[in-house]
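Working notes, structure below.
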Amino acid sequence: MDNFFTVGARVWLREDGQFLPSTVSSCSGGVAVFTTDYGQVYTYKQSTLTRQKVHAMHPSSINGVEDMAGLGDLHDGAIMHNLYLRYQQDKIYTYIGSILAAVNPYKVIPHLYDQASVDLYSRHHLGEMAPHIFAVANECYCTLWKRTESQCVLISGESGAGKTESTKLILRYLSAMSQRSLGARAKAASSHVEHALLESSPIMEAFGNAKTVYNNNSSRFGKFIQLHFCQKGNIQGGRIVDCILKPPPSPSQC
């Protein structure tokens, strides 16, 4: 345990069943003081500390990783801490293998979804570039032609997490790829279908959303969006089906 008591060392401190990212603030007279990244201060006698109570933080948790499958610390505290480190740098996307975790930034991040990003991720496979929702959309689009089978993207999360916006971003990317696959003459005819799909979501939200403590515009229903592509790679049609209807918010949520 001696190596854990170096001033400045990064450790995990277990309190109330949670792993807290902490720093050794001081160590003298047989007493160790830990300061968590959330501002709490804990003081313990060194003789009472065990490896179950405090253990060294793996370098992957100290620096953060793009793919949490590579984390050396395998517990929920490490996952939340890694997401927090990336969030502080406006890196709101993180992989967990082939799964993409997204954190709502509640602000606009410049150039994150511009045309340059579309072009960049359209030229790379999943995992070759920094985590991004366009990488997932591109993998789905490319796999459609590799396997000649229907593909599906499942978007899940709590109220206000950004599910609706993520859906719009995937549709926008697929629309851009669809337009790229067409010649100049065909683009005008195809754009009407894509425009209708992109604009239908706000119309549905106007009838079914509600205000909650987490989100001023919370969806009260789930959506199944189906797109139909032709062999040339462009969108020829689609449909949106409401499903998983949610009950209205309780008075405490309004």
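In case you wondered, yes, glycine gets a Cβ from its N, Cα and C as well.
Residues annotated as ATP binding site in TrEMBL: GLY157, GLU158, SER159, GLY160, ALA161, GLY162, LYS163, THR164. Under the heading domain 'Myosin motor', TrEMBL lists 63-254.
Fewest other C-beta atoms within 10 Å: among the binding-site residues SER159, THR164, that description fits SER159.
Here the Cβ of GLY162 (ATP binding site) has 20 other Cβ atoms within 10 Å, regardless of which shown protein chain they belong to.
Around the Cβ of GLU158 (ATP binding site), a 10 Å sphere holds 11 further Cβ atoms from the protein chains shown. Per-residue pLDDT, averaged over the domain 'Myosin motor' (63-254), rounds to 81. Annotation for the binding-site residues GLY157, GLY160: lowest Cβ count within 10 Å of the residue's own Cβ, GLY157.
In this structure, ALA161 is the one among the binding-site residues ALA161, LYS163 with the smallest number of other Cβ atoms inside 10 Å of its Cβ.
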